[in-house]
Structure formats: structure tokens, C-alpha cells
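Asks: Below is one structure. I have some questions about it.
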Amino acid sequence: MIFCLSSGQTPMAFRLPVVAEPEMPAGTDVSSTGRLPRWLKRPIPKSNSNHLTDSLMEEYGLETVCDNAKCPNRMECYSQQTATFMVLGNVCTRPCGFCAVSRGRPPAAPAVDEPDRIAKAAERLGLKHVVITSVTRDDLPDGGADHFHNCVIAVRERTGATTEVLTPDFVHCKEALARVIEAKPTVFNHNMETVPRLYRRVRGPKSDYAWTLEMMRQVKRYDAEVKTKSGLMLGLGEERGELLDALSDLREHDVDFLTLGQYLQPGEKYLPVVRYVPPEEFDELADIAKSMGFKKVASGPFVRSSYHARDMAETE
């Protein structure tokens, strides 16, 4: 077993500036009425598959990040019989300012049969690409790395599907990261989320921009065949130059795939939206990112980490 995490551990000497409340940039589409711009309004898909996906999650006692994080795409994904499995419970030990997942002290140890239940549900849904994410578990000695490992193995052995893990940061533990990569997921994903200036404000006091980048480089050192992926939310007050610098940092650290999406405030107690980014700007950013060398880019208002993840995983 890996024992390398402690609640007070902060091994990397990377200092971020104290962040003031961001000023609203010119041209913003945030209105005083709180109404969404037209491009963020769309019909809710209706399909019997919505019920099938929901019922299977309930039958196998599984959580999805789709529901817990109030993802705007969940009905679309459910209608296509896809979902992102959320392991290690539904209570997170990190207080990220953007995330709707419950936070606090997790009530239970990892369920040893969860990998098998995920594999069975994936088989019933006929999934060809399975995405597995988790809450952050700073209370576990390995941050849940061994559980990720077991989930990937179980899914691959039962279904033959490609796999994608969207992991927490494991509090700078390279041994934990190596344990996940030993399982040979098709794609390793860890989200940058925002630019350095806003990092602690958005991701909390334990977050570390430098370690996020180092994780990506380490993955390639452990297994060069594993594809790496990261993403950022836009509309939190980042400036254009800061965003492009962050994308450049990701490419310099061997990130293959990139996602860019609009941050949407999940409730009143979360970080406010500073700006709604128009679709044409997302398109422009996609072109810039591709010119930087990203192998695949998904950029748009509704893009999220695992949205149409199979399409990205199949890209060479």
C-alpha cells in the first residue's frame, strides 16, 4: 500500500499571488438579471435511455459526477447511455469554489466491490469508453490511487472498453500517480481548471499549479503510451494572455488533449460567473490550441472534461 499523503503536506515551493476579486472585462454578457445568453439555452433531450442510465446507477449503487456536479450535459449523455462514474463516495475533502459536489469528511472507506459494480454497469450500458473520476480523498494514505487502479483493471477485463481516469492531485504523491498509470488507462486526465493568478481562489489552498503540470509530465515518464488530457473553465475572470500562457504550459508538459468550456455557477454559494464567452471565441481558441500542437481540442460553451470523451480518445 502507498503511504505518502498527509493533510499538512505542501512539498512544492510554488507561490501564487493573493487574488483580488476580478473586474468584469469589457464586452461581458453577464447581465444584472442573471439571465443566460442565448447560446447557453437549449432543449433538454428526452429519451428512454435517460431512465435506463439512471436506473442502472441506482441498481448498482453507483454515483455519477454528472448528477453530483450538476453537469449541464447530463441529460444529453444519459440519452446516449453514457455517464462518468464517480468513485470513492460522494463527499469531497476539498472546498473548490466552483464545484457542486458535497464537501466534508467522507463517511466511509472505499467500497472494495465498487470496481466490479462499475464494470457490470458499463457492460449493461454497452459502453465502449468508460470514464472514471472521483471526489478528492485527502483522508486516504494513497488518495484513492489503488482504487482507481482496480477500477480500470475491472472495466477492461469485463468489457474490453477503453478507459479514461479523471483524477484528483494526490497531494503531490508520485507513487500514487504511478499506481494509477500501472493500470494502463487509455487516457489520463487532470484538469488545470484556471490560470495561475486565480488558482487558489478557484481550486482552494491545497492546489498547486506547478504540480498539476508536473503530473502530466510524470504520466508520460511512467508510460508514454497513455494519452494525457487537461481542461480549463472560462469566465472566471481570466485574461486572454493568462489563458494562452496556461495552454502553452500544458503543451510544454506533454498534454495531448485539451478541453475548454464555460464556467456556470451551480448555486449562490459558489464563485460567480464574471463573463460568458461567446461560441466564436471558443472556436478561435480551439484554432490557437491546435496550432500549439494539441492533438485534439474540444472547445465550446457546453464542453466539459468527459463530454464526448470517446471521440477524443480515439484520435491519433
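Placement of Cβ uses the backbone N, Cα and C atoms for every residue, glycine included.
What Swiss-Prot records for this protein is below:
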- C66, C71, C77, S306: [4Fe-4S] cluster 1 binding site (BINDING)
- C92, C96, C99: [4Fe-4S] cluster 2 binding site (BINDING)
- 78-295: domain 'Radical SAM core' (DOMAIN)
Asks: Find the one among the binding-site residues C92, C96, C99 whose C-alpha lies closest to that of S306 ([4Fe-4S] cluster 1 binding site).
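Replies: Answer for the nearest of the binding-site residues: C99.
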Asks: If you count CB neighbours within 10 Å, which one among the binding-site residues C92, C96, C99 has the smallest count?
Replies: C96
Asks: Can you count the other CB atoms that lie within 10 A of the CB of S306 ([4Fe-4S] cluster 1 binding site)?
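Replies: Taking every protein chain into account, the count is 27.
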Asks: Quick one: which residues besides C92, C96, C99 have a Cβ within 8 Å of the [4Fe-4S] cluster 2 site's Cβ centroid, in sequence order?
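Replies: Along the chain, the qualifying residues are R94, P95, F98, A100, V101, R103, V135, T136, G204.
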Asks: Does DSSP give C96 ([4Fe-4S] cluster 2 binding site) helix, strand or coil?
Replies: coil
